[in-house]
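If you check TrEMBL, you get these features:
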TRANSMEM  7-25  transmembrane segment
DOMAIN    85-561  domain 'Amidase'
ACT_SITE  135  active site, charge relay system
BINDING   184, 210, 231, 232, 233, 234  substrate binding site
ACT_SITE  210  active site, charge relay system
ACT_SITE  234  active site, acyl-ester intermediate
């Protein structure tokens, strides 16, 4: 008969040994992941340094960099400038600014041979010879799409994405890819592989996200045209923070097939992501949309809605009825943001449009009850394998771990959050119930559709053509603070839930008188903790850009671009900055 004490000792030894082996295995896998991430980073740095060495032996035409998009396009079309000399000028500038802002993740090695080929052709597409930067999530043959996850490093794409194929057909030359936050669910811009990207206008401020590398490289003059994506403001936020223009189209207007997407891992389709252009002026966005909305994209991706680019809507001079607001009843805007919207209102009225003040319909509900539950509907289970041995990114890993907690424990944290910080969207994420069945998902999808119809009904009752409003309620926050300001994304996230096209352009900048200036207490009730945090962060933001949004009904990108172009033209002629 086996002695009980011996049996217990054996059992304890077995459990301890098994636990120790598990710990050692996890430690080994974490170490392995660390070196995998390190190798991917060094690979990127080597490609950058190799290009720098090649460019050091070449005489660069710096005059290229002073041209705006239309001027550059005209000279490339006429042959007065060659694709290769333009590419080399932008490669040089991109590498130089990258040393300060850390925006580049990949040098696209095929760019040089593509430029040489284009210099030898007579048939020139609308984007002939234009060097373009693209977000790291954009699929290119022979490169990985890591989305900042070490697990996806060196998992190479076998083909270009549909959008890249179309851009190449139109003569564009993808020459770099740019940084993102891990998982692309933050408007910070940092990940364990490539590190943190800085705002080129103020290195202590964040560039926005998740297309933060694109915003930074274009805002720093290292690229003239870029491609990003947007599921909660990821195009518009970096554009506003870096003083450039961007357009989030209706999701099915441009193909996302072949790219990594925030809705790709878990199959999330209630709030779809959208790919779109970023540039220094509105004309850049127009020419991009005109080029890629074409028969080729309809053929390569039959899920793209086959609506051609409608010049008659863009070029129309008919007066419009335009709604505007400066407060979405979630987070109040700082004085320069209010000023930007009111400046745009005045300029559009001067051009013969009718401006009417409106209240957006339930934006907090849209973000807290639809957007957040959709993005985190699987409790981040789809990220489990990607984060199993990579705990280095606090933002993504902590979000993942929190969503694994039991519901009652999340409610406890939610109560503490309400007491400590009072960010309503973070509270909503904490208290939401998991969607663990197909029926839950169906109900949420129907809830979204009903909300979209209610919103559209109210829009049409007011007979609106477009709406202008804040893009975000503040200037670019300091690095690190963006993690505490999730609530400000109601201004952009609303139009992802609705799937409305929305563009942003810079209108004004923060002035010295704005800093320390309190929001109008007679217009608003008491400030929330978030608003007080934003006010304190205003110090040192003088000179930073302030952008606004222009929003239209689905598939009216041309009308949105028309209003953006009118505003940009009026701002230049009035010299009001």
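The backbone N, Cα and C atoms fix where each Cβ goes, glycine too.
Note: TrEMBL annotation is automatic and uncurated.
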Spatial neighbours, same chain, of residue 233 (substrate binding site) - Cβ under 8 Å, 6+ residues apart:
187, 471, 472, 489, 491, 492, 493, 496
Grab the substrate binding residues from the record (184, 210, 231, 232, 233, 234) and give me their largest CA-CA distance in Å.
11
CB neighbours of residue 135 (active site, charge relay system) within 10 A?
30
Give the distance between the Cα atoms of residue 210 (substrate binding site) and residue 135 (active site, charge relay system), rounded to the nearest whole Å.
9
Rounded to the nearest angstrom, how far is the Cα of residue 184 (substrate binding site) from the Cα of residue 135 (active site, charge relay system)?
11
Summarise the model confidence on the domain 'Amidase' (85-561) as a single mean pLDDT, whole number.
92
